[in-house]
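Quick notes on the structure that follows.
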Amino acid sequence: MLFRFQCVWVCFWRDLREVLRDKSTSMKGTTKQLQLSSPWQRRSRQGRGRSGGTVGGGGGIEHHLRSFRTKIKMPNKNFLNNPQTYSLDGIISSKEGQSQSCYLTKATIDRGVWTDINPLNQKLPMFVMQLVIVTSVTRLLLVIAKPLRQPPFVAEFLAGLLIGPSVTSHISGLQKFISDTIFATPRLMMMETVASLGLNYHVFFLGLEMDITAVTRVGRKALSIGISGSLFSFIVGAAFYIFGVPQYLQNYKMGFLYWGVVLSVTGIQPVGDLLVKHKLLQSEFGRVAMSSALVNGVISWLLLLISSAITCSKQLFFVSLLMAVLLAVFFCFVVRPAILWVIKETQEGEEFSESTVCVILTTVLFCGLLTDVCGLSSFYGAFMFGLIIPKDVLGDRFLTVLQGFVSDLLLPLFYCSVGMRTHVDSSTIHDKNDWTLMLQVTFLSFLPKLITTLAVSYFYKIPFREGIALGVLMNAKGILAPMALNWGYDHLALNRQGYTMMILPIALMTVVASPILGYLYKPTKHFLPSKHRTLQKLRPDAELRLLACIHELQTVPGIITLLEVSNATKRSPIFLFAVQLIRLAKHTTALLIEHGPGGFGSQSSRSFDGQTDQVIAAFEKLEEANNMFSVQPLTAMSDYGSMHEDVCSIAEDKRVTLILLPFHKRQTIHNQMEDVNPAYKDMNDNILANAPCSVGILVDRGIGISFRKEDDNDDGTIRVCMIYIGGDDDREALTYAWRMAGHPRATLTVIQFSASESAASNIEPHDFAQDGGKVASATVDIATEKQLDADFISDFRQKSVEKEKVTYLEKESNNGAETVSIIKSLAESYDLFVVGRGLGMSSPLKSGLDDWSDFPELGSIGDLLISSDFPSTTSVLVVQQHVEKNPKKGRQSSSITSRGHKR
């Protein structure tokens, strides 16, 4: 068995050595006319081999292998002989003098490595090998690019360059195996054919995702940036080709058109990916950037259409443009109604039938064929077909399934073909002058859009840093740029050097866009006025804007009950942003969806998560039951590591006063707390540290049940208890609890703990640590803090003296142990505890509690209330007040009338 394996292995490498040594020739024709003199004349299919009938001669390894023939039994007796040939008798039946066409190829019978035939010499195995290599390298670079916040375009584009001769030519081993064998020029025909097929479908998806009607709705800023950036960049690119590299004009006069088109392109998809990764898609900056990219994309397609028409035929230039217009009219008024009718007739319920999918995919190729016949590229037909179909008709499921196959498997082949045409080696870069020219082209490629964007930003009074960030973002290229270069290269408008000179700036401009954008534009620096950030500073007649985060369907009842108790009234209504947080899935781009009225049952929501409809329907029901509620459902999709950025960005953009978060543990039937997902804890911690407003964490242990069971609890009254120790967080918590007291079915008990005279002497300054968003090493004067608490409680007692449903109690304690004992005695009397987080504040009333706290995000009192030692399973709401950087404590109002409660 060992000898048999050695024989096969040595023969395989012998065969591979022959492949590396032999020079393959390209087959330009596919058929050849054969004149048959008689019906018995035949043509045999010959396998690969050398003249004389003996493969490889008689010495060396071959002689060594033949010596084993008499010693071991081979799987195939003819393993070392020439491949067997076969006659075509019976296949070609012709009369004398009749002409027949035969496919000009060498056909062999392939029995794998067990014969003398190398299977990689066949077209299909070789294509499979190419596909495996390209896909593997692309996926590896996608993994590397993700933490660097690079769009997928960068990874796919760089993968093509790495596989191409620009890199492999400098490594001798890779050059022989990759460039000269696997990706040798004669073996690229099938790969480029499949790549063109994949590119047609990808362009169709680009058109499907582009809303062309949105161009008429963009603002003046975006319109100015898009038009000026594309046209000025086209002029600069064309001028530099004409005057900067005049040597190219001798044989490639039309190359200036494609240099201009490449510089004018702004990739809509890379721009969207960058905005999503930096959490800017829903900001004003993101809306301007996407609108500008949309305008730029439309103009770039028109410029490429004109350039390709000029390149194909100068005499028939106007005819080509006229045909493009007629085809657009034909697609709009013939193809669009027909395809919509077919979809309607063949659709089975909410899913698409096989007939529907087949018709759509076939029509893509048919439209590409029409434009190809008319002298234009097939990509125009596929793109226009995507433009005329409304995206909602096909739905996101259609895109998710098919786009994953096209983008992950077929599209990398196109980038590989681009890399094969790029030669950063001695054949293209001859001397220092060529390197200098490449650097000049790269530097000049950045300037046109940067200059135009800064000019428009100055005119519209956009901040300088944002203008630079917007200009850099407009330089991010998409797939249209290499498509334009390929078209020019195929139609002899560009030579290899001109092609390579412009390919590298495409990659570089897109790569540097992400780090520059992250450095220049940081939305967390732009804070809203502080009056919107805390409940204390909210006017009593102002609208309360809340943001509720939902991970799972089980957390919805508790959040809704808390919202109902929050007492939305005509004087102080509540505007709720209900955000369902969904982990980013494969083939899905991170995004934020704002569901419109009645849109909670749409296909787009169901395609992301099966619970989305139920979550949104529950909040819609809350809005219908109480017209003092306004609900805006949202769906945020991102990875767990950046979910807190989504929440903080929404809170800042929507002017939210309080963020409500579910605790990362939930109650079991055995009254124990079990983990739902450890990632939720990290997200809550990050939100507490970075939130632009106050934050509340709800530990739901059946608050919804107690609120709705009228027979168990005094007509369904919910009993709220606020434990007051002192500090910013406690004042914020009492403000929220005081608002709840205005609800007709809620009662409020406020228990203020005060230190005894013996314990008061041990009170230390309130040191606020950096954890939880507190300012590091900021020391608050004890007397000032005590005065703020005293004024706050005094004002609260004055306002609640006539309120029968509000009770105020004072408890004196010497240490943390006494505080715990008093709180435990109240365990069974309430349905909801409201406490301040108070992390970082030292007090004798809590001495020792922080040392054994398991959940710092709840504070010492909140952690006590959910511990297994606590005698009840009452729900708990822990509130953290937002604190400004370098806060001026002495100026903080302590009047209860300035807070967002409703009496």
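Glycine is treated like the rest: Cβ placed from N, Cα and C.
TrEMBL entries are annotated by machine, without manual review.
Range with TrEMBL annotation transmembrane segment, chosen from 125-148, 437-460, is 437-460. Confidence across the domain 'Cation/H(+) antiporter central' (575-704), taken as the mean pLDDT and rounded to a whole number, stands at 78. Of the Cβ pairs linking the transmembrane segment (501-521) with the transmembrane segment (437-460) and spaced 6 or more residues apart, 3 or more are under 8 Å, so the two regions touch. Among 222-244, 288-310, 356-389, 437-460, 467-489, 356-389 has the largest number of CB pairs under 8 A with the transmembrane segment (316-335). Remote same-chain residues near the transmembrane segment (467-489) are listed as 151, 153, 157, 199, 202-203, 206, 225, 229, 254-255, 257-258, 261-262, 265-271, 274-275, 285, 288-289, 292-293, 296-297, 300-301, 304, 307-308, 311, 377, 379, 411, 414-415, 417-418, 421, 445-446, 449-454, 456-458, 496, 499, 502-503, 506, 509-510, 512-513, 516-517, 520-521 (criterion: CB distance under 8 Å, separation of at least six residues from the stretch ends). Outside the transmembrane segment (222-244), and at least 6 residues removed from its termini, the chain residues within Cβ reach (under 8 Å) are 255-257, 259-266, 287-288, 291-296, 299-300, 303, 437, 440-441, 444-445, 447-449, 451-453, 455-456, 459-460, 470, 474, 498.
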